[in-house]
Amino acid sequence: MRQDGRKQNQLREVEIIPHFTKHAEGSVLISVGDTKVICTASIENRVPPFLRGQNKGWLAAEYSMLPRATGQRTIREAAKGKLSGRTMEIQRLIGRALRAVVDLEKLGEKTIWIDCDVIQADGGTRTASITGAYVALVLAVQKAFAEKTISAWPITDFLAAISVGILPEEGAVCDLCYSEDSQAKVDMNIVQTGSGDFVEVQGSGEEAVYTRSELNELLDLAAEGIDQLIHIQRPFLGEAASWIEEKKGT
């Protein structure tokens with residue numbers, strides 16, 4: 001039994017509040033246990049210089065944490081004048097993950113900006129960001145599609161992310177909170193599509209090694225958890241869920 005009483009394969013409580021902000025084309029507040037992230041998707045009618053004239057779009061992501069999202073206040077990175085390596089790694093991960101399920105050529109010369117702002121952190125902020133940002137992305141694209149500013153549906157599959165790990169006593173578990181993550185022997189972040197294909201597998205041992213069979217067990221736990229997360233996402237996608245289902249795996 002885990003510290004909070006969950007089973008090995010049990011997610012924390014997940015809540016998604018759509019249209020959480022007024023101005024963004026798509027937005028959600030996602031809560032995964034005590035981790036809370038505001039995710040917005042904004043559409044701009046321009047692309048980076050390297051894509052100009054190619055009639056192809058782009059998707060990029062930014063990630064940040066409020067100073068008191070954690071137990072001790074941290075200095076804003078804007079005040080430091082530079083992003084930390086962790087922040088750069090996470091926002092690149094979010095961008096890569098979402099681009100994997102977007103046909104960029106169908107965006108035209110548009111950029112979709114994903115912003116993930118952690119307002120409270122208790123482990124799994126990057127995976128919660130991806131899961132929430134996907135819903136915000138679909139809401140934004142659905143709005144643009146209805147307004148005919150995007151002429152062809154570009155999102156090709158469902159997407160979610162989860163953490164898994166190996167704890168000293170409990171063994172393999174999914175969706176680690178901070179106290180579990182801080183003592184995990186092995187920690188992984190998995191991003192997977194609704195078709196079951198992997199987008200990203202980030203994993204490492206902490207003064208420990210793990211076997212191929214343990215890796216397989218972690219991947220199976222992640223796949224089960226991601227299926228549950230996609231099931232939670234779907235009601236918020238509206239009619240777009242059926243369009244994505246048609247395109248899934250194509």
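Glycine residues also receive a Cβ, built from the backbone N, Cα and C atoms like all the rest.
What Swiss-Prot records for Arg86, Gly124, Thr125, Arg126 is phosphate binding site. Secondary structure from DSSP puts Thr125 (phosphate binding site) in a helix.
A count of other CB atoms within 10 A of each Cβ picks out Arg126 as the most crowded of the binding-site residues Arg86, Arg126. The Cβ of Thr125 (phosphate binding site) lies under 8 Å from the Cβ of Thr35, Val37, Met65, Ile90, Val118, each of which sits 6+ residues away along the same chain.
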